[in-house]
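K.L.:
One structure follows; several queries about it will come next.
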C-alpha cells in the first residue's frame, strides 16, 4: 500500500484534507480506491510508481523557488495529479492502443488516449460514494 501510506503523509504535510474540507478517513478511502485501480501486475505503471511520482512532486513543491510561484490550490492539484497520473494503466503506449484499435483508443478518438483515460477514471472513482 505505498500510495495510501505515502499519500496520507504527504497530503497531510501539505494540508490537503483541510484545504478540501475532508476528513483523513475520506482521504484514506480515496487513496485506497485509487491504489486499487493501479495494476500490481504492471511492471512499471503500478502504485509504487505513482507513490514515487507523488514523492518527487512533493519534493519539488517544497523547494523555495517553486513555493514562491504556486498557491495552495496549485500544490493540491499537483499532488492529486501525481497520485492519479497513471491509474488503470494497461501497460501499453498510446501508439500501441491506437494501432491495435483498442476500446480506449476508439473512445478517445486516438487523442491522448491514456492521459484522457487516467483523468476520466479518477473523476469517476472520486465521484462514487
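Heads up, the Cβ atoms here are built off N, Cα and C, so glycines get one too.
Features from TrEMBL:
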- 1-129: domain 'PDEase' (DOMAIN)
- 45: active site, proton donor (ACT_SITE)
- 49, 85, 86: Zn(2+) 1 binding site (BINDING)
- 86: Zn(2+) 2 binding site (BINDING)
K.L.:
Tell me the Cβ neighbour count for residue 49 (Zn(2+) 1 binding site), meaning other Cβ atoms within 10 Å of its Cβ, over all protein chains shown.
P.N.:
18
K.L.:
Would you mind reading off the Cα separation of residue 45 (active site, proton donor) from residue 85 (Zn(2+) 1 binding site), to the nearest angstrom?
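P.N.:
Distance between the two Cα atoms comes out at 10 Å.
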K.L.:
Within 10 Å of the Cβ of residue 86 (Zn(2+) 1 binding site), how many other Cβ atoms are there?
P.N.:
21
K.L.:
Under DSSP, the domain 'PDEase' (1-129) has how many residues in helix, strand and coil?
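P.N.:
Each residue of the domain 'PDEase' (1-129) counted once, the result is 88 helix, 0 strand, 41 coil.
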K.L.:
Residues with Cβ closer than 8 Å to the Cβ of residue 85 (Zn(2+) 1 binding site), same chain and 6+ apart in sequence?
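P.N.:
The answer is 50, 53, 118.
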K.L.:
For the domain 'PDEase' (1-129), what's the mean pLDDT in this predicted model?
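P.N.:
Looking only at the domain 'PDEase' (1-129), pLDDT averages out to 97.
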K.L.:
With an 8 Å cut-off on Cβ distance to the 49, 85, 86 Cβ center, who else from the chain surrounds the Zn(2+) 1 site?
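P.N.:
The surrounding set, listed in chain order, is 38, 45, 50, 53, 82, 87, 89, 118.
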